[in-house]
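Trainee: Pulled the feature table from Swiss-Prot, pasting it below:
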type	residues	note
BINDING	73, 75, 243, 318	Zn(2+) binding site
BINDING	73, 75, 243, 318	Fe(3+) binding site
BINDING	82, 145, 178, 246, 323	4-imidazolone-5-propanoate binding site
BINDING	145, 320, 322	N-formimidoyl-L-glutamate binding site
């Protein structure tokens, strides 16, 4: 056989639902890679003969290989920080109170408007490096800290540039409807007009976004405004998704389902009608335990209902300066289990197969199957559950991206 590399002495959590074992596991396995894709995968005892003198062989020392992790919800291109708001919250101020007083998203907007692309790129690269060290091979990056055409485009350009200069694949999302900027404080409909008539066409003209998102909440945009933005995005051929049901239940999830959204994110206040709608539309539920933890929320997402209706559950970092300044997917695995009572297998699926579904890329990544992209990680662990069980010592030993060893 002519392959580019072979991995042996490994166990593989394929996350392939067609394999009945937990995690889609194959123990005592081997993987062969050719032209950036998985060419062979199965028990080591069934590995076809190959020329060991000409093909690189990597030995996993009994560790576990998983698909490369996918962080399907981040805001990692931003300037400044909001440590002062952290102190205010510890003194009793709520996220909504801070936002209504002009803090929150708007304070980061001001910092991003002042920053140039070089500064934003450098900050973003540091954060992307941190995720990559934990086995992340694909990440979604949202805009939303510009709230004017120039700065929204600037953030999206930086996100695209990060993807061009880093081994991690970057999917970009235009989130101009993240908050109402000060200049439109009493005219949110006018700002929605600006998004639809000026911002979105400019984003499309430069091919800067793979999807469009809206923060559908009582401190941001109502259902009618959300539908206007997402309908315009769909008409332009872009995927749609939304932040919804984080602070209240406005019916955003049912709207998302009706529009065929890829995902609804946060969903702490999601009810059974919303869960049923997501199930019927195939929309993913993105759980963001970092924000739940950092904001000290008490209303948990309806995990049992999501299980009952078979809605794909995704885990993501929501890395951002205000509500989840936590740049770690491994910590999300632990939080998903300890805070939301996911099983370790559900948590890992939420950062692999289901995360790929939320980004519309499940045909190429998210599970380890012959023909899919060779994106995988080797972990120094005895069982996949260890990834969620323990935090603090990074067990990621090797990362293969598009068939190339990028971290060792």
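Heads up, the Cβ atoms here are built off N, Cα and C, so glycines get one too.
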Trainee: I'd like to confirm something. Which of the binding-site residues, 73, 75, 243, has a Cα closest to the Cα of residue 323 (4-imidazolone-5-propanoate binding site)?
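Mentor: Of all the candidates listed, 75 is nearest in space.
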Trainee: If one measures from the C-alpha of residue 320 (N-formimidoyl-L-glutamate binding site) to the C-alpha of residue 75 (Zn(2+) binding site), what distance in angstrom results, rounded to a whole number?
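Mentor: Their Cα atoms are separated by 5 Å.
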Trainee: Whole-number Å only: compute the distance from the Cα of residue 318 (Zn(2+) binding site) to the Cα of residue 246 (4-imidazolone-5-propanoate binding site).
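Mentor: Answer for this pair: 13 Å between alpha carbons.
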Trainee: Taking the Cα of residue 243 (Zn(2+) binding site) as the centre, which of the binding-site residues listed as 145, 178, 322 lie within 10 Å of it?
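Mentor: Close binding-site residues: 178.
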Trainee: Other than 73, 75, 243, 318 themselves, what residues in this chain have Cβ atoms within 8 Å of the centroid of the Zn(2+) site's Cβ atoms?
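Mentor: Output for this site, in sequence order: 74, 142, 265, 266, 286, 288, 291, 316, 319, 320, 324.
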Trainee: Of the binding-site residues listed here (73, 75, 322), which is spatially closest to residue 145 (4-imidazolone-5-propanoate binding site) when Cα positions are compared?
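Mentor: Ranked by Cα distance from residue 145 (4-imidazolone-5-propanoate binding site), first place goes to 75.
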Trainee: What other residues of the same chain, not counting 145, 320, 322, have a CB atom within 8 A of the CB centroid of the N-formimidoyl-L-glutamate site?
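Mentor: Other same-chain residues with Cβ inside the cutoff are 75, 78, 82, 105, 108, 144, 321, 323.
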Trainee: Return the residue, from the listed binding-site residues 75, 82, 178, 243, with the maximum count of other C-beta atoms within 10 angstroms of its C-beta.
Mentor: 243
Trainee: If you measure every Cα to Cα distance among 145, 320, 322, the residues said to bind N-formimidoyl-L-glutamate, what is the biggest one in Å?
Mentor: 11
Trainee: Residues with Cβ closer than 8 Å to the Cβ of residue 73 (Zn(2+) binding site), same chain and 6+ apart in sequence?
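Mentor: The list for residue 73 (Zn(2+) binding site) reads 140, 142, 263, 265, 286, 288, 314, 316, 317, 318, 358, given in order along the sequence.
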Trainee: Within 10 Å of the Cβ of residue 322 (N-formimidoyl-L-glutamate binding site), how many other Cβ atoms can you find? Include all protein chains, please.
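Mentor: Around residue 322 (N-formimidoyl-L-glutamate binding site), other Cβ atoms within 10 Å: 24.
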